[in-house]
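Colleague: A single structure is presented below for examination.
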Amino acid sequence: MATTAFDSPARNTRAQARKRVASADRAVAPLPDPQPRVATRDVKSPVPELNPRTHSYEFAGPIGATILSVTMPMIVLGLNVLCTPDGCPAASWVSSTTALVAHLQPRVAWSALFDPGALVAYLGWFAWCVAMYRLLPGDMVRGTPLRNGQTLLYKINGFNTLVFTAVCLLLVVNFHGPDLLLYIADNFVSIIFSAILFTYAMSLGLYLASFKGTKLLALGGNSGNPIYDFFIGRELNPRIGNFDLKQFCELRPGLIGWLLLDVAFLTKQYVTAGYVTDAMALVVMFQGIYVIDALYNESKVLTTMDITTDGFGYMLVAGDLLWVPFTYTLQARYLSQMPATNLGWLGVFGVLALNALGYYIFRSANSEKDAFRSDPTGPRVKHLQYMETAAGSKLLISGWWGRARHINYFGDWLMSVAWSLPCGFTHPIPYFYPVYFAVLLVHRFYRDEHKCKTKYGKDWDKYCALVPYRIVPYVW
């Protein structure tokens with residue numbers, strides 16, 4: 001579910017993930033010509049017509065980009081500042097505006113938010129992820145052809161990074177105790193603030209670097225308006241040598257960091273209460289499965305809109321490094337702060353069943369589409385019906401994708417609900433994620449529909465008539 005805040009972590013859809021889990025310091029230098037790459041034909045540097053001006057805006061244009069660039073960190077910070085052991089939020093905090101301001105003021109002061117140790121910890125985590133990307137083995141996989149005729153190569157070793165990091169963490173805990181994990185849990189808000197500072201710095205560096213040399217720009221991020229292009233992302237595939245910044249951030253620091261934070265909160269509950277509740281175990285297990293699944297299938301992200309279409313700017317940087325790890329962990333943090341309470345066998349079974357259903361729909365649908373794209377005549381998908389378009393594409397009209405045009409979104413959302421149910425119904429903030437995620441998926445649906453309508457024209461109308469349901473079969 002890595003999905004960006006707008007197109008998510010894992011983002012297989014979350015990413016949500018796609019999605020559809022978080023971001024330390026990534027130094028952004030002038031980006032040289034990306035290597036290695038495979039040229040499908042003899043192509044010179046991108047010529048001006050490959051980088052036309054963007055004439056239509058998304059997200060309400062520069063005004064919307066400004067609002068989102070400012071409010072997104074405030075939302076992430078606010079959700080976590082409002083959650084304390086007294087409530088999420090505490091009743092005394094929201095009894096009046098005066099009380100809320102009085103409680104928040106000391107907690108959002110610079111001295112309360114900025115901690116040099118937390119900044120070093122965050123930068124160290126980011127540096128660790130970079131080192132693992134460079135040092136650990138991985139397959140080199142070709143991406144989709146770009147409009148300048150090139151096909152970039154991507155190193156796929158996110159799953160190896162997760163496994164190696166987990167082994168190292170186990171060794172640290174075994175020999176030195178849980179102090180590292182407790183530090184993360186106890187200094188969580190300061191770590192968030194460090195991530196905010198890093199997100200702004202990296203996004204600005206990416207925007208400025210996009211003007212150096214001749215770069216292939218994102219079709220949606222070349223408006224000439226600096227605020228909008230900073231937000232959307234101007235350069236399509238910023239690289240330092242063969243180090244692809246966008247692909248690296250998509251699933252690594254934020255998504256692996258998400259699971260690391262979950263484990264820190266689980267450890268905090270264990271140390272505080274003396275045991276781990278079934279509610280906490282379910283949340284960490286569900287989200288762990290999601291992260292592992294996304295990293296194991298890392299190569300599939302190369303065909304998503306985040307990689308093929310969107311520029312790498314504040315929207316994706318903040319989504320990957322800030323939004324995913326620090327809002328997707330709301331449930332685990334909440335459970336670590338509240339009195340330890342078990343769900344019981346009936347509650348555990350119900351939540352397990354809902355998550356299993358969501359995961360089955362999500363993974364089966366994505367795997368079906370991926371197999372069809374790779375080989376429509378393959379044994380797994382040759383029985384599926386499809387319609388051909390004038391653009392040369394084949395659109396599935398049976399199987400999972402005959403039930404709804406974005407059936408994978410439905411499975412993804414069911415999982416988000418299952419992740420929040422273990423928190424009970426006493427406080428609203430643990431349910432921020434499924435509510436936000438529903439809004440995100442609907443927005444992404446309309447964004448995708450617009451692009452498909454533009455690409456396929458009347459064929460898209462025919463397809464919609466054959467597959468009338470949008471996300472939820474027989475409902476919408």
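Here the Cβ of each residue, glycine as well, is placed from N, Cα and C on the backbone.
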Colleague: Among 59-79, 395-415, find the range that TrEMBL records as transmembrane segment.
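Modeller: Here TrEMBL associates transmembrane segment with the stretch 59-79.
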Colleague: Establish whether the number of Cβ pairs under 8 Å between the transmembrane segment (270-292) and the transmembrane segment (59-79) reaches at least three, counting only pairs separated by 6 or more residues.
Modeller: no
Colleague: Is the count of Cβ pairs under 8 Å between the transmembrane segment (312-330) and the transmembrane segment (59-79), pairs 6 or more apart in sequence, 3 or more?
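Modeller: Per Cβ check, the transmembrane segment (312-330) touches the transmembrane segment (59-79).
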Colleague: Per the definition of 3+ C-beta pairs under 8 A with sequence separation of 6 or more, do the transmembrane segment (119-136) and the transmembrane segment (59-79) touch?
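Modeller: These two segments do not touch.
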